Ligand code: GTP
């Protein structure tokens, strides 16, 4: 396992954050990060760049499992808003995560690394079904793991799937890679005075409804002492920094 370099350790303590070296992490990627600058779907350059960074993580000896969202293809909540049955909309969202997972698997494999997609829904022709002990073995063998289809249940988000899988594989942390470089006091896109938190407690994040993750996902992490790091995965290099334990983004944990 790599250790953070001297400078990063110093930065971490300067920012009041503990050094955060991880052996096994659960990376949650929102589907939107695959869009790059496009308005919909998967941008080839973006997914190839992400795959390259994921492989760097794998090569550094960190065990990496990924849960990917599907919002770049279909958002269950938008379906519901337009009158669709919630469960049907959620299943479509799960299929969207499956498409993203296959695309990510393909991008990683084309760059020569080993990866396995495991699905919470039984689509055996496309991916292995989820078996916890098998998933852990894949990680132990150094394969990147992509969990597709969320939890396999409607009414649960892919954030909740990320928290659940993190617990199940006994990850050291959930890293939530988004388009924003952390958690802010208010929406930085609308409020220029918004400030980024460097650290937060779960209780604070839940009470202030800071939108780190939905309440189910957050409660699961809180109750099982699973820290969450929210960081900007669209900026090249940030993923490796977050995974190496450098102080990027916002760290959410119990005090
Ligand atoms: P071990 O040999 O057990 O370490 O793992 P492995 O994944 O290399 O071997 P396995 O023979 O289980 O799988 C070979 C390939 O088939 C891998 O790419 C798996 O992801 C894939 N695979 C395994 N089971 C299934 C399945 O049920 N459905 C689909 N679609 N693919 C599967």
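Each residue's number is its place along the chain shown, starting with 1.
Every residue, even glycine, has its Cβ placed from backbone N, Cα and C.
All TrEMBL annotations are machine predictions without curation.
These numbers come from a predicted model, not from an experiment.
What TrEMBL says about this one:
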DOMAIN    23-232  domain 'Aspartate/glutamate/uridylate kinase'
BINDING   28, 29, 30, 31, 71, 75, 178, 184, 187  ATP binding site
BINDING   70, 90, 151, 152, 153, 154, 155, 156, 157, 158  UMP binding site
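Measuring Cα to Cα from residue 70 (UMP binding site), the binding-site residues that fall within 10 Å are 30, out of 28, 30, 178, 187. Report note: the UMP site is defined by 70, 90, 151, 152, 153, 154, 155, 156, 157, 158, and the residues of the same chain whose CB lies within 8 Å of the CB centroid of those residues, excluding them, are 76, 93, 94, 150, 160, 161. Here the candidates are the binding-site residues 151, 153, 155, 157, and by Cα distance the one nearest residue 71 (ATP binding site) turns out to be 157. In the three-state DSSP classification, residue 28 (ATP binding site) falls within a strand. Taking a C-beta cut-off of under 8 angstroms and a sequence separation of 6 or more, residue 178 (ATP binding site) has the following same-chain neighbours: 30, 32, 33, 230, 231, 232, 233. Per-site Cβ counts within 10 Å over the binding-site residues 70, 71 peak at 70.
The record assigns 70, 90, 151, 152, 153, 154, 155, 156, 157, 158 to the UMP binding site, and the maximum Cα to Cα distance across that set is 15 Å.
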